[in-house]
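Taken straight from TrEMBL:
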| type | residues | note |
| --- | --- | --- |
| COMPBIAS | 326-349 | compositional bias 'Basic and acidic residues' |
| COMPBIAS | 583-596 | compositional bias 'Acidic residues' |
| DOMAIN | 211-307 | domain 'PH' |
| REGION | 313-349 | region 'Disordered' |
| REGION | 546-609 | region 'Disordered' |
Amino acid sequence: MDLRSELLKSIWYAFTALDVEKSGKVSKSQLKVLSHNLYTVLGIPHDPAALEEHFRDDDDGPVSSQGYMPYLNKYILDKVVEGVFVKEDVDELCWTLTAKKNYRPVGDKVLPQKDAFRLWCLFVFLSEDKYPLVMIPDEVEYLLKKLCMAMSVELNGVELEDYLSQDLVQQNGFTVWVFLEMMNSGKLTRGISKEITSMAIEEVYREIVGDVLKEGYLWKKGQYRRNWTERWFTIKPQGLDYYTSEDRKDHKGSITLDSNCCVEVLPDRDGKRCMFCLKTLSKTFELSASDTKQRQEWTSAIQTAIRLQAEKKTSLHKDLKQKRREQREHRERRREAKEQELQHLRHLQEERERKMAELELLKEAQRQAQILLQQEEERRRRQHEELQQTLEEQLREAEEARASMQAEMALKEAEAERQRRRIKELEELQQRLEDALHQEVKARQDEEAYRYTQARLLAEEEEKMKALMALQEEQEECIQRAQREKQELKQEMEGKNRALDEAHRQLEEVRANRHRVDQDVVAAQRKLRQASTNVKHWNVQMNRLMSPIGPGEKRPSIGGFSSFRIPAQKDPALRLRQKGSEQDEESKENMAAEDEDNKRLSNGDMDVN
């Protein structure tokens with residue numbers, strides 16, 4: 001994978017992040033900003049008029065990805081010079097654009113933005129060279145194994161298999177956001193602190209993306225002083241860089257590697273152990289590791305860098321990725337060839353089984369033909385015998401059928417007579433059912449009429465209660481007329497027992513309603529009396545305040561109400577309230593008398609019954 005392909009992967013994420021409506025198009029203003037930033041991070045001279053010139057015929061509307069690619073290749077990627085810019089700055093620019101839109105982690109174990117950015121870079125590096133970018137399961141497993149190895153933990157294959165089965169049902173690989181969601185779930189880093197996880201991600205990032213073959217502390221012997229100093233060494237395919245400490249801020253020197261360099265193991269001396277030397281054409285560098293294992297790892301890493309230089313390769317992991325891809329393609333070809341071979345064998349087996357089945361069918365058909373021939377001869381013989389027996393039986397059956405037909409005719413006549421009687425009974429039953437239905441309908445209508453009458457009576461009773469104040473003067477006359485009618489009602493009581501029971505039940509309901517109304521009237525009267533008292537009090541106060549005070553007179557005190565004269569003129573509202581109170585009292589007395597009469601009437605009815 002060349003530099004252009006690496007840059008296009010990152011820029012693809014930036015372009016799709018600007019495509020808010022997911023239509024494959026981005027506005028020209030946003031493309032101008034993106035192009036300006038790419039000019040800056042790639043170290044290319046700015047050409048602001050190039051975009052307008054390139055799209056001068058497309059002034060309206062956004063620009064599609066197909067329309068932006070020629071401009072990107074011609075004015076940006078064709079001018080890129082390796083070594084002039086920092087690849088990490090380009091990745092950080094594209095990550096910033098795409099993370100604002102797509103990366104929204106949730107939960108307690110969310111990775112820091114720096115770690116998420118490094119995982120995104122690792123994903124972009126290991127993803128397939130097809131768009132939209134995905135990472136196949138083999139590469140996901142390879143990356144997770146690297147991370148777990150850096151954290152000194154074992155990869156949980158069961159949980160990884162669950163993730164693969166969940167996400168790859170409809171896709172051919174992991175998207176970067178699904179991969180980051182899996183890392184943010186915390187299942188792979190369960191029980192591991194965020195610091196260890198961040199260190200592991202940084203280590204894998206520097207190894208794969210930064211092409212760091214190995215880094216760590218080594219003792220180096222000086223070229224002039226010949227003293228031993230501990231330095232932090234970083235091996236890349238281009239050479240070795242060493243710093244004062246692991247923060248890599250104070251760069252002390254570099255060792256360029258080529259095919260003429262070699263590494264040798266040295267015996268222990270000068271109080272140093274696990275020594276080795278790196279020989280170049282001009283100098284020999286003596287180094288010392290902490291133990292034998294470290295010395296072996298350092299020498300192997302240096303030899304790997306020398307091999308890559310000899311093979312004109314700039315990255316170990318790009319080479320390993322290409323080899324893994326070739327191995328997968330080889331396995332895929334072998335699997336397809338094996339499947340084709342198995343399919344061919346299955347086809348031959350099916351053909352052989354088909355021919356054997358046809359042969360068996362032919363043999364079976366021959367046997368069936370012989371059996372059918374024998375059966376046909378036997379059938380003809382039996383048919384002749386059965387025909388003769390059938391004719392004799394038909395003669396006997398004809399005689400029996402004639403006799404049975406006569407008996408059956410008699411039975412049919414009797415059955416017809418029974419059916420006629422049953423039809424007549426059914427018609428009578430239908431007539432009775434219709435009469436019962438009419439009676440039921442009439443009963444329902446009567447019931448509805450009674451209910452309507454009951455509702456009307458209740459409404460009339462309410463109206464009578466409302467008109468009670470107007471009929472107080474006639475109540476005495478009604479009571480006397482009721483007493484006279486009482487004697488007449490006693491004579492008619494025997495024929496109206498049912499009506500009396502119903503009227504008694506309705507009367508109880510009316511009494512209950514009247515009792516509630518009486519309580520409301522009493523409460524209203526009590527409030528009226530309180531209001532009347534308040535009105536009298538405030539009238540006294542008003543009259544006292546309205547009386548003029550002459551010279552030398554004293555204003556009477558509040559307690560001197562006994563000597564203060566109230567005008568004889570009364571308030572009309574007060575007179576109305578008093579009159580209403582007298583009418584209420586009279587209404588109560590009349591209602592009590594009516595209750596007493598009703599009780600006496602009920603007792604008389606009971607005596608009659």
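Cβ atoms here come from the backbone N, Cα and C positions, even for glycine.
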Is the compositional bias 'Basic and acidic residues' (326-349) packed against any residues at least 6 beyond its ends, judged by a Cβ distance under 8 Å, and which are they?
136, 138
In the region 'Disordered' (313-349), how many residues does DSSP assign to helix, to strand and to coil?
34 helix, 0 strand, 3 coil
In the domain 'PH' (211-307), how many residues does DSSP call helix, how many strand, and how many coil?
16 helix, 45 strand, 36 coil
